Amino acid sequence: MISIPLLADMLSADSTATSGVTTALGAATQPLELDVNKWFSREMMNDWLNSGINFGIRVVLAILLFLIGRWVIRRLLRIFERILKRREIDGVAVTLLGSVLTALLYIALFLTLGGVLGVKSVSFAAVLASMGLAVGMALSGQLQNLAGGVIIMVTKPFSIGDYILAQTVEGSVRAVSLFYTEILTPDNKRIFIPNGVLSSGVVVNYSHEETRRIEWTIGIEYDEDFARVRSAIESLLESDERVLKTPEPVIVLHKLNSSSVDVLVRAWVRSDDLWPVFWDFNRRVYEDFNKRGISFPFPQLTVHQGK
């Protein structure tokens, strides 16, 4: 039979070892109690309180500084925009330069706020640089749009308010930011085109020139007298003050179709008057030709029946 000694017997057998362990535990516990008391001492609590009050004051000052700085930035941007407009700087350049200045001013404001909160300028700048690198790597495709915005500002293919056609989108230019150009379509839709695509693609600017040419193709029957038709069209053009006298309108016999004769009419108007003149002339031709008895053709097919 195997006998297992009890714990009490073991402790009683070696009382010297037991007392040594107790002494060691007491020695290990005493410094811990002293450190805890020192950690929660009155001096330490006062230091915490003072640090909290100082940080709270810094936060309040930072908030006030941010509000004041934002107001100052807005005022500076308005003054900057007025100066550029007085110097007749293009609207696209005004928008892009305003965006760049806004970014720089807010970066300076945040650096100042970091100093108020106790963040060292070098550390804060390093953090901003790291964040900028990370954002730049994440948004590498936007760098092309940024470069496209600069190209648009330098080359000036259009201005704010111009009516353009680009990337199958047709409308008026409302704004040009660092990365996108905002287009307002005739049916009141806002479309944002990336500057990178816009600067490298084909852009048709309908508003760049002060005058534009309108073309009409009017079909008449073969039986009609071209001289009479020409005289009627000349009267309609001369009676419209929006049609420019120079260059002179052109009225020619353009094409002989199977069922009609096409008369080509070309006239110059101011760019803003293009569509009103175009639609009004169509209506007036229809009404005047009916009064004069000039017939409009329609497709005809002659069939000869054999015997």
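Even glycines carry a Cβ here, placed using N, Cα and C.
Positions annotated as transmembrane segment by TrEMBL: 55-73 (among others).
Sequence annotations record features per position, and here TrEMBL assigns transmembrane segment to 94-116 (among others).
Taken from TrEMBL, the feature transmembrane segment applies to 122-139 (among others).
Residue counts for the domain 'Mechanosensitive ion channel MscS' (143-208) under DSSP, split into helix (H, G, I), strand (E, B) and coil, are 19 helix, 25 strand, 22 coil. Summarising the annotation, TrEMBL assigns domain 'Mechanosensitive ion channel MscS' to 143-208.
Residues annotated as domain 'Mechanosensitive ion channel MscS C-terminal' in TrEMBL: 214-296.
Away from its own ends, the transmembrane segment (94-116) comes close to residues 58, 61-62, 65-66, 69-70, 73, 76-77, 80-81, 84-85, 124-125, 128, 149-150, 152-153, 160, 175-178 of its chain (Cβ-Cβ under 8 Å, at least six residues beyond either end).
Counting residues of the domain 'Mechanosensitive ion channel MscS C-terminal' (214-296) by DSSP class, helix then strand then coil, yields 35 helix, 25 strand, 23 coil.
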